[in-house]
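Colleague: The structure is given below, and queries will be raised subsequently.
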Amino acid sequence: MSDPSRPVRTAAVIPAAGLGVRLGPGAPKALRTLGGTPMLVHAVRAMAASRAVTHIVVVAPQDDPEGVRRLLDAHPLADRTGLTVVPGGTTRQESVRRGLAALPDGIDVVLVHDAARPLVPVETVDAVIAAVRDGAPAVVPALPLADTVKQVEPRPQGTPEPVVGTPERSLLRAVQTPQGFDLPTLLAAHEIVVEGEGATDDAGLVERLGKPVVLVPGHEEAFKVTRPLDLVLAEAVLARRRATDGYV
Ligand SMILES: Nc1ccn([C@@H]2O[C@H](COP(=O)(O)OP(=O)(O)OP(=O)(O)O)[C@@H](O)[C@H]2O)c(=O)n1
Ligand SMILES: C[C@](O)(CO)[C@H](O)COP(=O)(O)O
């Protein structure tokens, strides 16, 4: 049983081992720069900006975790935040699992945050942490959709796809990261869901446990850098922050 007099300790796992195929040729996505600074460094700073986060585990591209450690050591964090770097796996789910295995003892709340969402504001991070600390086992930042969504019967690329339905848009949300969990819940979720039958996010694994997942408001600037146009938007957001907020 947990000791109620012990302070809650919060850590963040940052999966950063993806290739960034949709962004096009180049270095692994997390190592590409935004305003001259690697996207991963922005993402690590975004987690460290929350005073609640005491430790960060970065899950690095498999081929060079030592290089990622050197890169992060060259961009030091405040002393209150510990840092571990481990090599990633071939899927996001596997990378997150490796990050969870590297957490230090004594962590109660864990955030999982895509390196590919480098500009999430600290207010969003803190809102997720607060909701987990208030007792929700799984918390996800989310936004309403701007586009109408169609369900289709998939066809090979270039062939028109038949529409089979139009889900009611007001009931849909686009989910972001960081997603926050009480640690035993996320560990249990990763344990029961086998690779290949996974979900595209960690909260999806928790849903399969039958545990409640709740949403808090996401933020437009927490978008995922996925395609080349996202990089243009990220550069613009960063330039505005640097000009107006003294952001580094
Ligand atoms: N094997 C993988 C695949 C993805 N990720 C991480 O999961 C996050 C979300 O993934 P995504 O945006 O899909 O990144 P990529 O897999 O790099 O993109 P793509 O699918 O275009 O290759 C990213 O921070 C990515 O680095 C990871 O740690 N390990
Ligand atoms: C976790 C996530 O960012 C939530 O929107 C998303 O599911 C990751 O998807 P990807 O295809 O791995 O980028």
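Cβ coordinates are placed from backbone N, Cα and C, and glycine is handled just like the others.
Pasting the relevant annotations from TrEMBL:
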SITE      ARG22  site 'Transition state stabilizer'
SITE      LYS29  site 'Transition state stabilizer'
SITE      ARG169  site 'Positions MEP for the nucleophilic attack'
SITE      LYS224  site 'Positions MEP for the nucleophilic attack'
Colleague: So which of the recorded sites ARG22, LYS29, ARG169 sit close to ligand 1, that is, with a CB under 6 Å from an atom of it?
Modeller: ARG22, LYS29
Colleague: Of all the recorded sites given, ARG22, LYS29, ARG169, LYS224, which residue's CB has the most CB neighbours within 10 A?
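Modeller: For the recorded sites ARG22, LYS29, ARG169, LYS224, the Cβ with the most other Cβ atoms within 10 Å is LYS29.
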Colleague: To the nearest whole angstrom, state the Cα distance for the pair LYS29 (site 'Transition state stabilizer') and ARG22 (site 'Transition state stabilizer').
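Modeller: Cα to Cα, LYS29 (site 'Transition state stabilizer') and ARG22 (site 'Transition state stabilizer') are separated by 9 Å.
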Colleague: For ARG22 (site 'Transition state stabilizer') and ARG169 (site 'Positions MEP for the nucleophilic attack'), what Cα-Cα distance in Å is obtained after rounding to a whole number?
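Modeller: About 26 Å separate the Cα atoms of these two residues.
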Colleague: For ligand 2, pick out the recorded sites ARG22, LYS29, ARG169, LYS224 that have a CB under 6 angstroms away from one of its atoms.
Modeller: LYS224
Colleague: Determine, from DSSP, whether LYS224 (site 'Positions MEP for the nucleophilic attack') sits in helix, strand or coil.
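Modeller: Once the DSSP labels are grouped into three classes, LYS224 (site 'Positions MEP for the nucleophilic attack') ends up as coil.
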Colleague: Where ARG169 (site 'Positions MEP for the nucleophilic attack') and LYS224 (site 'Positions MEP for the nucleophilic attack') are concerned, what is their Cα separation in Å, rounded?
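Modeller: For ARG169 (site 'Positions MEP for the nucleophilic attack') versus LYS224 (site 'Positions MEP for the nucleophilic attack'), the Cα atoms are 21 Å apart.
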